[in-house]
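Engineer: Quick one: this structure, given as structure tokens, is what I'll be asking you about.
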Amino acid sequence: MIDPQTLRDHPDLVIASQELRGASVEVVDQAVAADSERRQAITEFEGLRAEQNAHGKLVAKADKADKPRLIAEVQELKARVTAAQERAQQAEAALDEAMRRIPNIVIDGVPAGGEDDWALLREVGEKAAFDFEPRDHLEIGEILDAIDMGRGAKVSGARFHFLKGIGARLEIALMNFGLARALEAGLVPLITPTLVKPEIMAGTGFLGAHADEVYHLDDDDLYLTGTSEVALAGYHADEILDLAAGPIRYAGWSTCYRKEAGSYGKDTRGIIRVHQFQKLEMFSYVDPADAEAEHERLLAMQERMMQDLGLAYRVIDTAAGDLGSSAARKYDVEAWIPTQGAYRELTSTSNCTTFQARRLGTRFRGEDGRTSPVATLNGTLATTRWIVAILETHQRADGSVRVPEALRPYLGGLEVLEPATAKAAR
């Protein structure tokens, strides 16, 4: 939720943000009107209540002849106070509803436009070149007996898979590598719940335009999370945090679930776009004044992972119209996928400023002793999709895959992933 004071004092900023996103500006006008009605209703209620209290004192002091009249006036005022209180509550609810329809205010410099209007920040690394026809990740995975899409579909349906043998080991190694980097950077690891309450899912902004991508258990009224960001944001809901020693940082490891609604026909081959996957998510609670610096810190950690895995990648500043409702700015890190001849998103990091914290009631106490909403940020440090880039980038002509040096300690020192036929022949 955006700051109501910003809406009140600078509605032009909110309108400009909506225009950058290509979103409705009418909702801003509606929220401004609702805020005005709320303040008028509260003023009326407080005035009538003060009048009621004053009459109550007069009744206590009145002589016998005047008491019936004053009591009648008090009763009338009581009814008016009750009605005014109801109007104030209704106005408060209307404002809350209007405010929840306004996404976060984008940060200065975020490019305008939609999915294809991102700004390139940098390209890093040399794209893999081969003296043979490269295989895609699924063909490599089948040669290694590491990825089984057929049985995944048999057991669970389309966009499900098994990671088998070295495939399972590779994913666990990747996650442990990311976790080691998180610990090195001082993040506290958490294994998070994957089922959350509606108020937590709504508080993080995932029940807006993309609600159809979320799995819901109707009988229990719980949501399956598509990222541990949701649980990590809810972890300190309705709390006052102590940031005197600096930001509070977590690394959440969880299984994630996404419906991939609207993705029909996209990435149907392999494990680029699946319904279930593993993810290690960084999450920071910081003083809002430090949020942009923290965003750069998270991005630097992601880039270091890309470099240590030997992946060519680019960093883009996502356009406003392609941001989720909670994000004020989002950087995507996209790795080069040789067989697609394209960069594909492997990870992203978002600065949600105080948007989620306002919804979830997460505050911190400043130097002046007053409390105010914290800023929250998130970024992925490892996930299943990275296997795609690792297999394709480091493949060899015989179907084997060279293991990046940084990953070898997490695979028992293994230097090469060998085809299953070669292993069987030994």
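Cβ atoms here come from the backbone N, Cα and C positions, even for glycine.
The L-serine binding site annotation in Swiss-Prot covers Thr227, Ser228, Glu229, Glu281, Thr380 and rests on sequence analysis. Summarising the annotation, Swiss-Prot assigns ATP binding site to Arg258, Lys259, Glu260, Val274, Glu345, Leu346, Thr347, Ser348 and lists sequence analysis as the type of evidence.
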Engineer: Can you check which residue among the binding-site residues Ser228, Ser348 has the largest number of Cβ atoms within 10 Å of its own?
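Structural biologist: Top count of Cβ atoms within 10 Å goes to Ser228.
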Engineer: Given a separation of at least six residues and a C-beta threshold under 8 Å, show me what packs close to Lys259 (ATP binding site) in the same chain.
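Structural biologist: Once residues fewer than 6 apart are set aside, Lys259 (ATP binding site) is near Asp212, Glu213, Val214, Tyr215, His275.
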Engineer: Report, in whole Å, the straight Cα-to-Cα distance of Thr347 (ATP binding site) from Glu281 (L-serine binding site).
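Structural biologist: Their Cα atoms are separated by 10 Å.
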Engineer: Taking Cα atoms as reference points, which of the binding-site residues Thr227, Ser228, Glu229, Thr380 is nearest to Leu346 (ATP binding site)?
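Structural biologist: Among Thr227, Ser228, Glu229, Thr380, Thr380.
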Engineer: Hey, for the L-serine site built from Thr227, Ser228, Glu229, Glu281, Thr380, who else sits with CB inside 8 A of the CB center?
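Structural biologist: Output for this site, in sequence order: Val230, Leu232, Gly252, Ser254, Cys256, Lys279, Leu280, Met282, Phe283, Asn378.
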Engineer: Distance check, please: Cα of Glu260 (ATP binding site) against Cα of Ser228 (L-serine binding site), rounded to an integer number of angstrom.
Structural biologist: 17
Engineer: Distance check, please: Cα of Arg258 (ATP binding site) against Cα of Thr227 (L-serine binding site), rounded to an integer number of angstrom.
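Structural biologist: On Cα coordinates alone, these residues lie 9 Å apart.
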Engineer: Look up Glu229 (L-serine binding site) in the DSSP assignment and report helix, strand or coil.
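Structural biologist: SS state of Glu229 (L-serine binding site) = helix.
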Engineer: Want to know which binding-site residues, from Val274, Glu345, Ser348, are within 10 Å of Thr380 (L-serine binding site) at Cα; which are they?
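Structural biologist: Neighbours among binding-site residues, in sequence order: Ser348.
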Engineer: Rounded to an integer, what is the Cα-Cα distance in Å between Thr347 (ATP binding site) and Glu229 (L-serine binding site)?
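Structural biologist: With the alpha carbons as reference points, the distance is 13 Å.
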Engineer: Minimum Cβ neighbour count within 10 Å among the binding-site residues Val274, Leu346: which residue?
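Structural biologist: Counting other Cβ atoms within 10 Å of each of the binding-site residues Val274, Leu346 gives the minimum at Val274.
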Engineer: What is the biggest Cα to Cα gap, in Å, among Thr227, Ser228, Glu229, Glu281, Thr380, the residues listed as binding L-serine?
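Structural biologist: Roughly 10 Å, rounded to the nearest whole number.
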Engineer: Cα distance, Glu345 (ATP binding site) to Thr227 (L-serine binding site), nearest Å?
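Structural biologist: Rounded to the nearest whole number, the Cα-Cα distance is 15 Å.
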Engineer: Select the closest residue to Ser228 (L-serine binding site) from the following binding-site residues, measuring between CA atoms: Val274, Glu345, Ser348.
Structural biologist: Ser348
Engineer: What is the interatomic distance between the Cα atoms of Val274 (ATP binding site) and Glu229 (L-serine binding site), given in whole Å?
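Structural biologist: Val274 (ATP binding site) to Glu229 (L-serine binding site), Cα-Cα distance: 18 Å.
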